[in-house]
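Trainee: Right, I'll just put the structure down here and ask away after.
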Amino acid sequence: MSVNQQAHTGLPYGQPQPGYQGYQQSGYGGQQMPGVHHSQYGAYNGPLPGYQQPAPPQGTLRAPPTSGAPLPTSGAPVPAGQPVYSQFGQGDVQNGIATSAVQMQRPSASQPFIPGTAPTPVSQPATFQQYGPPPTSAQQLTNHMAGMQIGSSTSAPPPAGLGYGPPTSVPPASGSFTATGSGLYTSYSSSQGPPPVTMTHGLPPTSLSQGLSLAQPAFSGPPLSAQRLPQAPGFVPPPCSTGIGPSSYPPTTGAPRPSTMQGSQLPGQALTGLPTSQPNHVSSPPPHPSMSGPAMTGLQGPPPPTHPSQSGYQMQQNGSFGQVRGPQPNYGGAYPGTPNYGSQPAPPPPPKRLDPDSIPSPQLSELPPQQKPRHRIDPDAIPSPIQVIEDDRNNRGSEPFITGVRGQVPPLVTTNFLVKDQGNASPRYIRCTSYNIPCTSDMAKQSQVPLAAVIKPLATLPTDEAPPYLVDHGEPGPIRCNRCKAYMCPFMQFIEGGRRFQCCFCSCVTEVPPHYFQHLDHTGKRVDFYDRPELSLGSYEFLATVSYCKNNKFPNPPAFIFMIDVSYNAVKSGLVRLICEELKSLLDYLPREGNMEESAIRVGFVTYNKVLHFYNVKSSLAQPQMMVVSDVADMFVPLLDGFLVNVNESRTVIVSLLDQIPEMFADTRETETVFAPVIQAGMEALKAAECAGKLFIFHTSLPIAEAPGKLKNRDDRKLINTDKEKTLFQPQTSFYSNLAKDCVAQGCCVDLFLFPNQYLDVATLGVVPYQTGGTIYKYAYFQLETDQERFLNDLRKDVQKEVGFDAVMRVRTSTGIRATDFFGAFYMSNTTDVELAGLDCDKTITVEFRHDDKLSEDSGALLQCALLYTNCAGQRRLRIHNLSLNCCTQLADLYRNCETDTLINFLAKFAYRGVLNNPVKTVRDTLINQCAQILACYRKNCASPSSAGQLILPECMKLLPVYLNCVLKSDVLQPGAEVTTDDRAYIRQLVSSMDVAETNVFFYPRLLPLTKVDVDSDTLPAAIRNSEERLSKGDMYLLENGLNIFVWVGVNVQQGLIQNLFGVSSFNHISSTLSTLPVLENPFSKRVRSIIDMFQAQRSRYMKLIIVKQEDKLEMLFKHFLVEDKSMSGGASYVDFLCHMHKEIRQLLS
């Protein structure tokens, strides 16, 4: 977000994004456990049937959704009997409140937790501290509630599954991993007492008007670029013994917030407080009952956080002051207004409303010991992804993004915006982690912010944006710098009246060829500047000359070879028949260039089990001919003429073949398959035809038949969390890496469709698709009725999408930085050229840059990505993308121009590559440590001084902790018991070539309340945060993560809605085995199906639809995607992780 942006209320999350239309994503897996009926298991990690439902947390408390949240020392509530941890040591400053005069020693990290010892309350005299005037000069105001004397807080270690530890060494920003951390949160002894009961509240500053409306900022001027989480005194909920916990629903946007109660309340007295603007007023939903069971003894945890909406100034979501923000518009508020306190007169109370939280409660000091309630950080008070997405949509969705200015940060990937190319490449092609990069390597090392670009060279543009222009310079070819070979671009400087130009990358001066000469105008620009795409646009294409082609001759059009496993499993499941039927019609939709009548792509067919069958489908034949190659150890192609044919010429023979294949193998008993010889055969066929191309391989089982590339079952779950875990991600044999190298040399790209019923070693089988720029699709426990639609949609999309063949990509940079590291699905034989047998419109290549010299603020930094490829018509082209970035000498400028979504995309890829050679725990610790360093550097160098108890986040990185936690909890880095080794290898490869929009929704899924859908409008309902406490039993929700779409149905949903969506009369009649929603003629059904279709179109894979009924066995799978909550596999909740990051930052600063 730009520093000068105001926060606004937002549009719903999830409008179609122009750059990502036509995408679909399939679920990964969809497998069942062997021998279990498929309806029990949804997508890749179906729950184990024996899971207990976790008990709801003990009555929880929330602070308001300002961007300044108090961070008390213990995180989320813990069920009775479970230890709590704290990120503060004894005597640490909690939330910046004055500590006692006597500082206690911090115990050592290894000090054990002694269970069973009750914390002793510590009571200390309260001090009082008067506020001075607020520091308006910095426009930074922290809501310091002074004067609370706090004893040390009770805490204990968490369950041993959590792998966060204090850093013991500082790893480099990327590259090598160093082991850090002890793997446990620091534990403290239980003798540390709870906070005191007597508290005196400092007065809020009085320099601001009393009844500040929440709808406008309190200060003019740009909002501050720090997210400041302030301190505040305690709020008291009703006692737990009443059986009613405070409501676990988020307050509405702008709803009145409580402040601290003073004095005990009279029975029946409603809470009153500041009137506030409340645009979408919704009455509060009922509270959740609190957890039954023994009441907690003693006061556990820190003083409760409260709500900085008292009569001082309000914090804005972006760290400035003004509008107080709920988690999202349109949802019921938890609290009514609250009493004012301090020296200022209270404004008139708002009308009273019935509300569970207005039940009067005795003061904390009056509660018997066993009734003292637990407290936690309010999830509404910490940065909300939904709010950031909404604000960006409102602020930046309406204006086109014009790329003429250097170093502009684009709108978020979740915002629907139009791009106008005026000299820099569209963010649909290139996104950077920062658009303002440090001038020196020392500064870059200090900040630890990785400098990287996520490049999607062939990205599909929305229909209202023009594709790159094609420039044909004829025989001489594109104009290039003599020294560094950079291509002509808008940043080249013409000199000497236009006779020469100076390279913007290496400063070398090159003669302008006579045919390209043009005079300059009075500003030094060529007069044909606007007529030439390469002088005025950021992205364009050159027609390549013959010197850019292999062996100095133009290439033939590419070929597609369909290679079908006809072993027993494939035939019995109906897969072979399904593929053959689909290909009959799909062959009419092969990709073609612009205005061509028909596709130039030729096709061929192979079937295989232990041996290979080639088919002659020459147009002159009456019937197809089969040729069998049984010597798989020495693979050759038995025919040349008639193997690769034009579809239209050979149509009758091809249709005849596709009719015969299922019949020919209908009675097969052959269960064993080969795999490597299949790839070799396809590659040899392309070599013989002297063309590039793609193999579509449909494969079902581990290749155990005697042949090159034979594999054994090496799946071993016992290796998880050991030093040998990395072997699960590595290929079994180097055979496939060598095969991949040969494929790349031939321009043979492999797309692999897997249909496993058990382990088939994706880590090894995926090597060739991965290194050739291909794609893997996986349908575990494939069943015709539930998986057919997903597979066919994936196949159609895969066959029809735009692909560049036999491609080479190089990234050039201006002097001072250079590309040092590359991530994605490709092969590299040297340090600069990314080689891709195929590159499709969904694949990204991620490039990391390092300094090799100083940069200057004046000239900035330039990137040029050049991709040489053969299109589907056999034409050789060069696609060029240029981007100019700013350079800075101040760290604040770096932090003001970062893009968190791109940063997370890079960090995930960096970590997912790291697990190949490092223990997973080391990788996790490295990630945590690097992010702590990024935030600590900001705190130390850019934020205004404040108490150590405050967590201060840069405005544009305030979501870094929540997103990083999602990466750490992902199945690759922290698998649950039900995630298979193949799933992890599959996800690891999948994420490595995802674009920023895909990683965004993959790590933080989109969650929409379907009951809030407006059937008469095209707008989506406002998204809600990924947490179970945001769900209501009376609602239905839709969750998508790019691989799966879940429809969660609460037990109390109205019968009418169930009837309209599912066509059945009651909740109990809904079938969990549905793979599509029934087509019903009513507005609600039509609207929900259109939303699902829209989401499918935005993703590169077709997403598997999974119906989840509340309290059903599939619910565990659904909860896995509620990423703000604690995960079954031991991943921390967002609140806990934020506390942990705060602790790490404080350790680095001290």
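Note that Cβ sites are derived from N, Cα and C of the backbone, with glycine treated the same way.
Pulled these features from TrEMBL for this protein:
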| type | residues | note |
| --- | --- | --- |
| REGION | 1-91 | region 'Disordered' |
| COMPBIAS | 12-26 | compositional bias 'Low complexity' |
| REGION | 103-381 | region 'Disordered' |
| COMPBIAS | 120-130 | compositional bias 'Polar residues' |
| COMPBIAS | 180-191 | compositional bias 'Low complexity' |
| COMPBIAS | 308-321 | compositional bias 'Polar residues' |
| COMPBIAS | 358-369 | compositional bias 'Low complexity' |
| DOMAIN | 478-516 | domain 'Zinc finger Sec23/Sec24-type' |
| DOMAIN | 555-799 | domain 'Sec23/Sec24 trunk' |
| DOMAIN | 804-887 | domain 'Sec23/Sec24 beta-sandwich' |
| DOMAIN | 900-999 | domain 'Sec23/Sec24 helical' |
| DOMAIN | 1019-1092 | domain 'Gelsolin-like' |
Trainee: The domain 'Zinc finger Sec23/Sec24-type' (478-516): which same-chain residues, six or more beyond its ends, come within Cβ distance under 8 Å?
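Mentor: Contacts of the domain 'Zinc finger Sec23/Sec24-type' (478-516) (Cβ under 8 Å, skipping residues fewer than 6 from its ends): 423, 471, 524-526, 534-538, 542, 544, 812-815, 862, 864, 866, 878, 880, 882, 884.
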Trainee: Just to be sure I understand, if DSSP states are collapsed into helix, strand and coil, how many residues of the domain 'Sec23/Sec24 beta-sandwich' (804-887) fall in each?
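Mentor: Across the domain 'Sec23/Sec24 beta-sandwich' (804-887), the residues distribute as 0 helix, 54 strand, 30 coil.
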Trainee: Under DSSP, the domain 'Sec23/Sec24 helical' (900-999) has how many residues in helix, strand and coil?
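Mentor: Reading the DSSP string over the domain 'Sec23/Sec24 helical' (900-999) gives 65 helix, 3 strand, 32 coil.
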Trainee: Could you give the mean pLDDT over the domain 'Gelsolin-like' (1019-1092), rounded to a whole number?
Mentor: 95
Trainee: Sort the residues of the domain 'Gelsolin-like' (1019-1092) into helix, strand and coil with DSSP and give the three counts.
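Mentor: Final tally across the stretch: 24 helix, 11 strand, 39 coil.
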